Structures are given as C-alpha cells and as structure tokens.
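Written below as structure tokens is the structure these notes are about.
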Amino acid sequence: SLTFRSRLWHLIALFLSLHHTHKHASIFNHTHTGDYTDFYSSRDHATNVGIMFRGKENALMPNWLRLPVGYHGRASSIVVSGTPIRRPSGQMRPDQSKPPVFGQSKQLDIELEMAFFVGGGNRLGEPIPIERAHQHIFGMVLMNDWSARDIQAWEYVPLGPFLGKNFGTTISPWVVPMEALLPFAEPNTVQDPKPLPYLCHDDAFTFNINLFVSVKGEAMKEAATICKSNFKYMYWTMKQQLAHHTVNGCNVRPGDLLASGTISGPDPDSFGSMLELSWKGSKTVDLGEGETRTFLKDGDEVTLTGYCEGSGFRLGFGPCAGIILPAL
C-alpha cells in the first residue's frame, strides 16, 4: 500500500543516513558483480561528444534517437569506492600523420554515471517486456566509469571501447532500492521520434537525483566541485534499457549491473566528464588554489556524490571515490 511504501522509504533513508557516518561500511567487499553493460543514454552528453568529433550536423548517430545504445563492459575491474585506480597504458595515436605509439594515457578522464543492479533475471530466449521491466530492477548506485580518452580514440572503431575503459570502474558502497526512490520519480523526457512499441511506457521512471563531481589534487587543501548535474536529464529510462537489452532473448541474471552512461545536463557546469568540461582539452577547468586541469593528474582524488531531497531529509548514495596512482 502507499502508506507502507511511505514508511518503508523513510526507514531506508534513515538507515542509509546512519550508515553514511561509517566511512568504511560497504556491502560490496565480499560480493561479486555479474555481467556489466554500459549505456550511452544522455542526449546532452552524446550531442556534446558528437559535436567534438563529427561536427554539429552529425552530432547524433542515426540510431541514437531510436534505441538505447550500449556496450558490454568488463565486470572484473568494477571496484568499490575508495579503491585506487592505476593510470593505464596502451596504444595511442596523438599525431595522425605518424604511426601509433605505446605509453601511459595522458587524457585520463571520469564519467559521472549511475547504474542499477538486476534483481530478478529472465530465461535465455525470453525477453523482459517493458511492462514488467521494473520488477527486475532492484536498486541503484553511483558509478565512475574511468576513461582513457587517447587510448579510446585510437581503438574504438569499429567495435567500440576496449582498453580505454576496462582498467577500472568505481561504484558507491551500497545499493539504494528502487522502492526508496519512487517518491522522487519525475516525468520521462519527451522522446521524438516516438520509440518502437517494445520501448514505449508512460509511467514516470526517471528520478530527481542531485549529482556532484569533485576533484582534489595532491597539493590541494580542499576538493573543488567541477560538476553539478541530475539523473532526471537522462533521455532513455532504465526500463527501456532493460527491455532493449533482453528483446533479442539475451538473459540477465541477479547481480548484473547496467549503467546509464555519462550524465550531462544542458548547462556547461552540468557536464559529466572532463572531456566535455575542457571541451576536448581546448580549455582548462579551474580547481582553485592555483590548480587547473584538462584531464586528471596522478594523485588526483575524484569523488562522486548524489542524493534525493525529501521533506527535511536527504536520501544519499554514499561516496563514489578513487585516487589516481601513477602508471607502472
């Protein structure tokens, strides 16, 4: 009932706020994430990246407004908040007139994301219809999909990200159940053109979740907030992502993780990646204390935070943090 749900999410909010004071509390220390899929569901982010690499006229690929684009990521390198991230090395081609080179990434980036865990799975060959998709979505976490842009730029054609993404993905330390988030549901983004019937749903299933990214350099006394965004900016919903993921009969299992893709809003201060904030490295991001960045330096600590604002309380997700270690 509505009364039961109301009492339930108030209790969950209290539980999470109490646990937020325990810095090392984590439900992920001894568990295993299943398969991992990362989507690309922010129209603002996809448009920004498209403009940078293809120009305004071809910012969105023809399929982007028709289906939730995604790729299969690497579950083995998903880590809980507080785990250091090693700067990756790989092939890059910084000078297009010369052959590629091997070395450490010089364009290490973050991606502000959220992700949901699958609660109940489906049998191989049996799609999850969008009308029942919510029954398979257990709860959400914050996620930082660390990205090496120079490695990614050279490798991604034609099959998409590989070494530019699989070296580390950080998630926050607890799952916030969907039941607790329902009071913060917002009307879905109006989608034009209208999706195919298997992707259509009218019930509100995006959420008003305030999101922040801060960076603290090794020599800095205080962290600087570089991004203020919101999950409500997403174009494709989690129900659409799950319905599309399984429409061909692909089976998902309890514990699988499906991520939103970078969450960017319409304003520059809501861009969810250094790639966008520095506009492909063409300008610096001011951190204060005499520090600026285009991409991340060794020793930088990045922290993602997020919360829903209730009447007199906040429902928080816990920190999603990691510090950059030098390449080996």
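Quick reminder: no glycine exception, Cβ is built from N, Cα and C everywhere.
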Which of Asp145, Asp192 belongs with Lys165, Thr169 in the Mg(2+) site listed by TrEMBL: Asp145
Recorded Ca(2+) site member, picked from Asp35, Asp38, Asp44, Asp203, that accompanies Glu111, Glu113, Asp145 in TrEMBL: Asp38
Rounded distance in angstrom between the Cα atoms of Tyr156 (substrate binding site) and Lys165 (Mg(2+) binding site): 10
Largest separation between Cα atoms (Å) of residues that the record links to substrate, namely Tyr40, Arg54, Gln152, Tyr156, Thr262: 19
Which recorded positions sit within 10 Å of Thr262 (substrate binding site) - Cα, from His45, Glu111, Glu113, Asp145, Lys165: His45, Glu111, Glu113, Asp145
Recorded positions (His45, Arg54, Lys165), the one with most neighbouring Cβ atoms at 10 Å: His45
Cβ-based neighbourhood (8 Å from the centroid) of the Ca(2+) site, residues Asp38, Glu111, Glu113, Asp145 excluded: Leu112, Ala115, Met143, Asn144, Ser147, Thr169, Ala259, Ser260, Gly261, Thr262
